[in-house]
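Q: The annotation (6S)-5,6,7,8-tetrahydrofolate binding site is assigned in Swiss-Prot to Leu121, Gly125, His126, Leu127, Ser355, Pro356, Phe357. Annotation comment: Swiss-Prot describes His229 as site 'Plays an important role in substrate specificity', evidence class sequence analysis. What Swiss-Prot records for Lys230 is N6-(pyridoxal phosphate)lysine.
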Amino acid sequence: MIFDKGNVEDFDKELWDAIHAEEERQEHHIELIASENMVSKAVMAAQGSVLTNKYAEGYPGNRYYGGTECVDIVETLAIERAKKLFGAAFANVQAHSGSQANAAAYMALIEAGDTVLGMDLAAGGHLTHGSPVNFSGKTYHFVGYSVDADTEMLNYEAILEQAKAVQPKLIVAGASAYSRSIDFEKFRAIADHVGAYLMVDMAHIAGLVAAGVHPSPVPYAHIVTSTTHKTLRGPRGGLILTNDEALAKKINSAVFPGLQGGPLEHVIAAKAVAFKEALDPAFKDYAQAIIDNTAAMAAVFAQDDRFRLISGGTDNHVFLVDVTKVIANGKLAQNLLDEVNITLNKNAIPFETLSPFKTSGIRIGCAAITSRGMGVKESQTIARLIIKALVNHNQETILEEVRQEVRQLTDAFPLYKK
């Protein structure tokens, strides 16, 4: 019987080898991709539970199928914990991803072809904020706002003037590569001034918001969307919040049956675990440590005139660095750092002049190393290792030194092999 084949290593050695190799990679590489984090064993256990067997179209208490009394408890736990964590009146935990959450929010708020003002991808926005290759840009008329050319920060007066000019039905705030705190109250004032809805995509900063170390968009936005991984340190998935009952009904209808069929109740269970972890007072210490580590790492780059720190600093979990004084582009930097077991990604910088496949910058985030227990000292060391590798990118002896120093760090802060 299929139930006898419970050991992946014995049943599917080829797959197991790939999984094991990834486990070793995570254990021995320094993870600096800003959208990645390391979940607890409890989150993984919930996601790998028997809940994966259950189909449950609909919502708790109103399902299409029978036998849903147990998953109703699971999903209700996730909903109530999300509401408590973020101080929201309503929560939808069924969205499979942040992109699905954004799609549902758009469906609830606007019609195809409506004008939307969102952060330009090159300035730090996300694909789902109007990129022409994405469903958002294909379905709606997105107009992008950027950052100030001098400060590389959001200029709210300029955004207001742009909103007056284009008269959007919706304004989207939030980013995937913006290192500064966002003033959601100002964004709501801009939206109110032009009669637009305000939607905030807090995917990257959700954990910081939950911990109270970053301003919350929930009191100001008509709808807030998020992923449940990144700084929130949960499973890969989506979340939608609102304080408006009428919008909550539209959101639920947009998610199911509008965009999705059956929810992934095993993932929702993992979300519930992550929300409970984030409700623990210790999570605030973790989130503050992310900010402290990121600031410490960014400061090392700021003090080296061979690199340019975008916007001059960071207020959250991420920062961007222009690397073109020491290496041709961000792609080469990313590939080189992969070779010394430091993982990050190339990233466009504001007013980028290179191809998005090359870029002038790299993006660095500290959520994952903070989950391993690394602190300010280690963050500074990692920054120096990155600089050492990039500056000496043609010197294999020095690159090998960096590899050994990376291994010493990861051995000192084990991930799942404690």
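Every residue, even glycine, has its Cβ placed from backbone N, Cα and C.
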Q: Have a look around Lys230 (N6-(pyridoxal phosphate)lysine) and count the other CB atoms within 10 A of its CB, chains all included.
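A: Other Cβ atoms within 10 Å of Lys230 (N6-(pyridoxal phosphate)lysine): 28.
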Q: Radius 10 Å, atoms counted are CB only; among the binding-site residues Gly125, Pro356, which position scores highest?
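A: That would be Gly125, with the most Cβ atoms nearby.
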Q: Across all chains shown, how many C-beta atoms besides its own are within 10 angstroms of the C-beta of Ser355 ((6S)-5,6,7,8-tetrahydrofolate binding site)?
A: 10
Q: Taking only the Cα atoms, work out how far His126 ((6S)-5,6,7,8-tetrahydrofolate binding site) lies from Lys230 (N6-(pyridoxal phosphate)lysine), in Å, as a whole number.
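A: About 14 Å separates the two Cα atoms.
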Q: Which of the three DSSP states, helix, strand or coil, fits the residue listed as 'N6-(pyridoxal phosphate)lysine'?
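A: Helix, per DSSP.
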Q: Quick check on the binding-site residues Leu121, Leu127: which one has the highest count of other Cβ atoms within 10 Å of its Cβ?
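A: When each Cβ's neighbours within 10 Å are tallied, Leu121 leads.
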Q: Of all the recorded positions given, His126, His229, which has the fewest Cβ neighbours within 10 Å once its own Cβ is left out?
A: His126
Q: List the same-chain residues at least 6 positions away in sequence whose Cβ sits under 8 Å from the Cβ of Phe357 ((6S)-5,6,7,8-tetrahydrofolate binding site), in sequence order, or say none.
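A: Listed in sequence order: Lys331.
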Q: In whole Å, note down how far the CA of Lys230 (N6-(pyridoxal phosphate)lysine) lies from the CA of Leu121 ((6S)-5,6,7,8-tetrahydrofolate binding site).
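A: One finds 19 Å between the Cα atoms of these residues.
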Q: If I take the alpha carbons of Leu127 ((6S)-5,6,7,8-tetrahydrofolate binding site) and the residue listed as 'N6-(pyridoxal phosphate)lysine', what is the distance between them in whole Å?
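A: Cα of Leu127 ((6S)-5,6,7,8-tetrahydrofolate binding site) to Cα of the residue listed as 'N6-(pyridoxal phosphate)lysine' measures 17 Å after rounding.
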Q: Measuring Cα to Cα, how far is Pro356 ((6S)-5,6,7,8-tetrahydrofolate binding site) from the residue listed as 'N6-(pyridoxal phosphate)lysine' in Å?
A: 23
Q: DSSP secondary structure for His126 ((6S)-5,6,7,8-tetrahydrofolate binding site), reduced to helix/strand/coil, please.
A: coil
